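Chemist: Sharing the record's features from TrEMBL:
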DISULFID  CYS23-CYS66  disulfide bond
DISULFID  CYS110-CYS137  disulfide bond
DISULFID  CYS205-CYS248  disulfide bond
DOMAIN    21-81  domain 'Sushi'
DOMAIN    82-139  domain 'Sushi'
DOMAIN    140-202  domain 'Sushi'
DOMAIN    203-262  domain 'Sushi'
SIGNAL    1-19  signal peptide
Amino acid sequence: MNSPALIFFASFLCHVAIAGRTCPKPDDLPFAIVVPLKSFYDPGEQITYSCRPGYVSRGGMRRFTCPLSGIWPMNTLKCLPRVCPFAGLLENGAVRYTTFEYPNMISFACNPGFYLNGTRSAQCTEEGRWSQELPVCAPVTCPPPPVPKFAKLSVFKPSAGNNSFYRDTAVFECLPQHAMFGNDTITCMAHGNWSELPECREVKCPFPSRPDNGFVNYPAKQALYYKDKATYGCHDTFVLDGPTEVECGKLGKWSAQPSCKASCKLSVKKATVLFQGEKVKLQERFKNGMLHGEKVSFFCKNKEKKCSYTEDAQCIDGTIEIPKCFKEHSSFAFWKTDASDVKPCESDS
Ligand SMILES: *[C@@H]1O[C@H](CO)[C@@H](O)[C@H](O)[C@H]1NC(C)=O
Ligand SMILES: *[C@@H]1O[C@H](CO)[C@@H](O)[C@H](O)[C@H]1NC(C)=O
Ligand SMILES: *[C@@H]1O[C@H](CO)[C@@H](O)[C@H](O)[C@H]1NC(C)=O
Ligand SMILES: *[C@@H]1O[C@H](CO)[C@@H](O)[C@H](O)[C@H]1NC(C)=O
């Protein structure tokens with residue numbers, strides 16, 4: 001070994017003996033920073049751990065000196081996120097959050113009928129304060145309702161000064177001679193506007209025509225409008241088929257078109273029939289004929305079974321069909337039993 005090399009080796013040993021080993025790069029600690037940060041440190045060099053902004057430790061910062069052993073002492077420092085003040089309640093709304101810790105966000109939403117006055121979301125800052133002032137949920141209001149043409153407000157009371165709150169309603173009615181299309185009631189909606197307005201339109205009905213064998217009365221006016229009325233009647237022995245009063249409807253048509261129907265003359269001279277559940281003598285009960293629509297049941301005989309059954313007959317506009325099974329007896333045939341006096345057949349026959 002030549003002397004320069006020996007000198008070098010000796011000085012190396014000497015250095016290690018005096019200075020000890022170097023310390024390695026210190027361990028990473030969550031949310032902490034190390035100053036100064038190097039890949040190795042000479043014994044005696046100092047480092048400082050401190051928490052990153054937004055994080056705090058109980059004991060504050062920690063200082064360490066690189067020992068001769070070259071092994072950093074145990075570090076028990078813990079950096080915890082700052083916690084912002086509780087913000088979990090929002091009247092008439094809701095707060096969405098995971099935690100109130102730095103650097104989390106919280107967000108806000110209002111119930112239907114309320115709107116957010118303020119921020120939609122906020123973040124917990126490094127200082128442990130919310131980045132935005134917390135919002136409030138303010139009630140939605142609708143302006144005074146617009147009144148459709150040819151309409152007027154019939155029920156309305158503003159509840160918020162001149163305005164209305166969510167779900168308040170207003171009711172319209174049309175001016176005379178006008179009919180409403182749409183809902184008469186509008187509602188203040190969650191967006192602060194009113195639901196769809198109804199429409200009022202002028203509606204005319206044609207003059208009603210006089211029915212044959214009858215008459216019709218209506219107001220003496222230039223024209224007939226929505227809700228106007230007409231009344232019908234019939235001449236003697238005729239019957240009104242339909243209501244006596246009709247009304248002009250919103251589609252410009254009368255509610256009905258009554259007509260006069262003729263009564264029926266009876267060809268049968270003598271018969272006992274059922275009328276409204278009772279046995280009556282046809283020729284007495286319907287001396288003046290049967291009115292349109294009236295119905296009787298004739299008795300017929302079942303010769304094999306020696307029993308009687310009934311068949312219906314109705315007067316329809318002057319015509320009545322007598323059941324074929326009905327046999328009229330001559331008034332001289334006193335020995336014959338009338339069908340109405342024969343025992344009824346079993347109902348299942
Ligand atoms: C919104 O809130 C602010 C402050 O909280 C208030 O001054 C303002 O009047 C509110 N605006 C509405 C439209 O309610
Ligand atoms: C309501 O409206 C009237 C007339 O437009 C106005 O004079 C009044 O100040 C309003 N009231 C409120 C509370 O806004
Ligand atoms: C009219 O609107 C009211 C309130 O919005 C509702 O309750 C009602 O059912 C509606 N009527 C019709 C006929 O649509
Ligand atoms: C009310 O406003 C909302 C939102 O702007 C809109 O979608 C809706 O169609 C409006 N309704 C009416 C009846 O104007």
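Every residue gets a Cβ built from N, Cα and C, even glycine.
Could you place these features in context, so I can see how deep they sit and what lies close by?
Modeler: Shown in sequence order, THR22, CYS23, TYR41, ASP42, PRO43, GLY44, GLU45, GLN46, ILE47, TRP72 are the residues of the chain, 6+ apart in sequence, with a C-beta less than 8 angstroms from the C-beta of CYS66 (disulfide bond).
Reduced to three states, the DSSP call for CYS137 (disulfide bond) is strand.
Around CYS248 (disulfide bond), the C-beta neighbours below 8 angstroms that are at least 6 residues distant in the chain are VAL203, LYS204, CYS205, LEU224, TYR225, TYR226, LYS227, ASP228, LYS229, TRP254, SER255.
Averaged across the domain 'Sushi' (82-139), pLDDT in this predicted model comes to 96.
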Chemist: Starting from the Cβ of CYS205 (disulfide bond), draw a 10 Å sphere and report how many other Cβ atoms land inside it.
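Modeler: Step by step: centre on the Cβ of CYS205 (disulfide bond), count other Cβ atoms within 10 Å, giving 22.
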